[in-house]
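K.L.:
This is the structure I want to talk about, given as structure tokens.
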């Protein structure tokens, strides 16, 4: 079921249609709403009909077909409600469910647990893997609809084109029985009919998944020996409550999203309706997959079985994987595509203060250090995350060395009470410093800009103050967590008997709380970025802005409780008084920091724009009965008065307490070009006989590279006869430029023939291709393969060879174009191979050609004349960047000053292409985030020029620059 709750919206909780999609039905075509005039009863009836028509939901297929979306019912009602019509598929589902129940009753007791564990895991795999694969190929290639069209499932037998009329009649009866209004099987779009068939498969899988889980819980359920009756009653009461809560979540979610999102309808078509996400969608992100699985844990408590608990956790994790891998990418692609590229850059762009922290940092540095260059790009080098570790930076080096020292001491010191006390006190000291020490610094920064003033006093910039603060905060956070983990390690004693008492449960709950804190941290960082993570609005408050997306949609301060969940989880796992004390101190310090440091600053910066209540709070208050609401308002008033008194007291006492306190990678992804060449035994296709490879041919056209490789091949180091170039020259094409392949074959060639692009060194055999194409292929004929991306490569459809080129055998030809992801984004020598009938038998191989990035020629450009040099770099870089961005007008700029499209930030492949090209052209290596941060060819050219200027004194290349050593610098040479 689709859970698209975390989508951008123009209002609270509104789900947007894809930008650029016009309203499906014009307003003048829809019946108007009835007015308030007194008309006859017939007029009122017409108005009611008009209103009913206007309330219909309209859908649109990818080809633009508009249709009325009929009303459907949920699967439980369809299967179990006797008032709902039943059909053959219902009988199949109910029969399979009955077989599950019979198996649970008749199987021997010794086999029940293992059998139903495998049965449930099978249906869970059908759900998360089976449905996941179907939805993935439908989202990327619309393959389910393609299969339905190819198999002619919905083709009327009256046309004579349906090879299986019985299946058509069966589907027609099945679907029309279920949908009584606004639906005609023959007139419905193929996308909608395919979705209805897909729904029946989903019904079977979901019902079997749920029933098999319940049966597994039943066969595993028991009452622990010697259980206290009060504990048993509490266990069942909590379990039933969780099941009831789970049931309410599912029902309320279905009320909001209806069957369209419940059954992933937006993978097939879109509807002309803004879905208001209220109710349960204000409680938690993706409620059907998060809190919607609370019932699993309720059933586990009632069964009193760790087997049920562990299989519930496994199923829940599989559901989250399904969400991340299948649903989220589709939701992002469908409802939140990158914004269109600005066609012209703003003339006043250089005068606008950047809004993000990196731009602010660069802007402050420019004001204090280089005010003459307003267009200087901002630096890009994040701190948080393993992929951002750079040992050339002091903070990163420190957060590797210091935790290593702590780890060594943890392992080599004995487990004595003295050492345990030392480690606990060490962790407590870092905790107090992290919350209280850094908090006091931020408080002074908020009130007097103390931190920034300190660096300005010594001639540094505000940007440098910000960078130093980030380093201090990062080191303190890492050491705080490292010291706490070390203390937990010292205080933890592995249990001798895992089955004793609540030992296992404590470990499971503790691990769950740790996972909750990690998820909270990732969500907070994803929402705030490094600017918010390091409290950037304490340093650059004039450009700070609020965000209420992701986890902040539901909670105002997720760190207040969820941010310390892992500490309490560690206390449960260790079951140590010292760690419990640490958790309590952490909770108090966190609340203190939020209440007396963060909140006053937020109120000062944002004022009335601060949201008073989060989504979860609003939902809970709306759900309270009136008497409870009145009591809650009274309690709120008492709490407000108490809080005001405490704040006044602290304001009075603070000066006394404060007296005497002193304030204090190049990307390493490997390029897996191919699978290793391996010995292949090839079966020649039976229909290959009679196909003469000489009749097949390929010719390649592309954008010739401006550079030449002749100077590299003939350098004077060869013998005299080897210095003369051959008459036949290998074609050299631009890096990333589209390649057009013209193919020619006999008229009787297989429609499943295809053309692949390979490196010349990939294959040892000229008759058989030994390595996969890795997506770099195109069919010769359309409509043969299921892949949506295959047919788009066909530039010219198959057609007979012109009469002027007629031969003894009838020949046909066509053209395919390789661009974007179908190219090799590296330099080398390549070839195209024409393959027979969907196999890897090569009937023709093109002439080898080279893909080459021309080196930037600095001979005619004076590096010292920076303006001219930047213009030359811009001119050389623009066509290369356009190629790297697939020459897509929505992504690639037309002029150096124009910004890149939003896809560059979404997909790192574009940035990786560009930095590779820059490295080969200029010998300068940038990290991929630099491209997205700069956002234009002009800023990239400035960055290249600046890097060249910095590295010029160390360059070994020929140069006419001012840094070339003069002879007077070497007195010994004069003698």
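Glycine too: its Cβ is placed from the backbone N, Cα and C atoms.
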K.L.:
Validate this pair against Swiss-Prot: residue 223 and residue 339, same side of the membrane or not.
P.N.:
no
K.L.:
Could you put numbers on the helix, strand and coil content of the topological domain 'Cytoplasmic' (490-501), residue by residue per DSSP?
P.N.:
2 helix, 0 strand, 10 coil
K.L.:
Spell out yes or no: are there three or more C-beta pairs under 8 angstroms between the transmembrane segment (114-134) and the transmembrane segment (469-489), with each pair 6 or more apart in sequence?
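P.N.:
No, since the transmembrane segment (114-134) and the transmembrane segment (469-489) share fewer than 3 Cβ pairs closer than 8 Å, they do not count as touching.
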K.L.:
Restricting to the topological domain 'Cytoplasmic' (415-421), what is the model's mean pLDDT?
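P.N.:
Computed over the topological domain 'Cytoplasmic' (415-421), the mean pLDDT is 94 on the 0 to 100 scale.
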K.L.:
Using Cβ distances below 8 Å and needing 3 or more such pairs, separated by at least 6 in sequence, tell me whether the transmembrane segment (201-221) contacts the transmembrane segment (578-598).
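P.N.:
Since fewer than 3 Cβ pairs under 8 Å link them, the transmembrane segment (201-221) and the transmembrane segment (578-598) do not come into contact.
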K.L.:
Ranking 306-326, 469-489, 578-598 by the number of C-beta pairs under 8 Å to the transmembrane segment (394-414), which range is first?
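P.N.:
Between the stretches 306-326, 469-489, 578-598, 469-489 has the largest tally.
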K.L.:
By a Cβ-Cβ criterion of under 8 Å, what residues six or more beyond either terminus of the transmembrane segment (469-489) are in contact with it?
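P.N.:
Beyond its ends, the transmembrane segment (469-489) has Cβ neighbours at 383-384, 394-395, 398-399, 402-403, 406-407, 409-410, 420, 423-424, 426-427, 429-431, 433-434, 437-438, 451, 530, 534-535, 539, 567, 570, 573-574, 576, 578-579, 582.
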K.L.:
Would you mind listing the long-range same-chain contacts of the topological domain 'Cytoplasmic' (109-113), meaning Cβ under 8 Å and 6+ residues beyond its ends?
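P.N.:
216, 219-220, 307.
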